[in-house]
Amino acid sequence: MTVDFVNENPLDLCDGDSDDDSDDFSQMEVDTVTSRNNSNAFLTEKPIVKNESLFYAMKLPLLIGAMWGLLPLRDLEGKSAEITWKSWANCRTLVSLQIILLVGCFTMFIGIDFIIEVSQSTGNSIGSIAGKLSGVWFYTAGLFVYLFALLRSKQAAEFFRLWKRISQRIRTTVSESGKLKRELNIICLTVLASATGENILFHVYSMRTGIVSRGLELTFWNFLEDYYNSNQYIKRFFSYDPVITVLMFVVNKMALFAWNFGDIILMMISWSLYTRFRAINSFVEQYLSWDLPIPYTKQGMIPWHKVRRNYMRTVRLLDEADKIFYPLIWVSYSTNIFFVCNQLYIGIRNADIKTTVERIYLVWSFLHLSLRTLAVNLFAARINESSQDLSRLLQFCPPNEYDPE
């Protein structure tokens, strides 16, 4: 089956492009896409790849997020790529609300403790205040990500459907690699594995006094007691109790996961958009001859009008992603910069530390935060880089193939 866009308005996706423009494609299940034949420039068929559905590519990370109460969407486990946000009465939505309530309570506890500590202490330095503020910021960032995921779930589901519809429309000028799902899984699992290792070292670092005093003997009950003692803020509200301590531990891990998962979402969306622009560029480049100083192509070899229109469709995806995820971007940058500076300060202040565990933790924590922040920046920068490449490639369009667009 071929798909022709000759009669469509070339600006239909440049100025908002309502969903009605894509409705004809929302139910379309096409098993082949069209491409140019190198010898006769006629449209021929080739198999499509499954990763035209962004949900298919992000399925594993989304399932992991759902396990922790993020993104309460329906049909995450199903084979359909048409995931939806049902209602506030949905079971997953209610679970997310309960988690938000728990994280919010502990954010309030640690916030009150911070205010009391700062107000009662004298001669606080900026470094000491930042150290006390780090716990408040940590829980606040986790709480924000949970709120963001809940309030933007409906828009996220619509974005996945929009991605699928636009992917069905740009098949004629896309050269897919078929590796997006694997790449997104690697991004997600790498960040989570590093965060897990960093958090384990953090507990060893923060509970080292109790562990050493018992001669490295550690039972479950000893762990709970040491964990309670390492979180000084909770002592202002509760005496030691195993149930409260377990609840505090679980909420802490939820905030930790949400904080890391917010950056993972940004990295995966950025990388997916980058691969979409790169796919259009690769389609054009495969028909350019590079054996002369100025690349050229035979007339009729590249459907330039479709390249331009499909580029605008991809720009629309970028605009929609920006509308949905911009609050997460602000929180990610502010939180990561704060913690990178805080960890750098702790490392400089404790430059004379002797134990190997402390050294490993401080180095691992600083590198984890720095590299994660750098990855968010670089992945977003790749979008701009790949989108600019097409402007360069359009210069090779033969003058006799110019049109009113």
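Residue numbering: from 1, along the chain as shown.
Backbone N, Cα and C define each Cβ position, glycine as well.
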Report summary line: Candidate ranges 54-73, 254-273; TrEMBL annotation transmembrane segment resolves to 54-73
Report summary line: Counting only residues at least 6 beyond its ends, the same-chain positions whose CB falls under 8 A of a CB in the transmembrane segment (360-380) are 187, 191, 194-195, 197-198, 201-202, 204-205, 260, 263, 266-267, 270-271, 274, 332-333, 336-337, 339-340, 343-344, 346-347, 350, 353
Report summary line: Tertiary contacts of the transmembrane segment (324-348), defined by C-beta under 8 angstroms and 6+ residue spacing from its ends, are 127, 130-131, 134, 137-138, 141, 144-145, 148, 152, 155-156, 159, 259, 262-263, 265-266, 269, 362-363, 365-366, 369-370, 372-373, 376
Report summary line: For the transmembrane segment (136-153), the distant same-chain contacts (Cβ-Cβ under 8 Å, at least six residues beyond its ends) come to 65, 69-73, 85, 93, 96-97, 99-100, 103-104, 106-107, 110-111, 114, 254-259, 261-262, 324-325, 327-328, 331, 335, 338-339
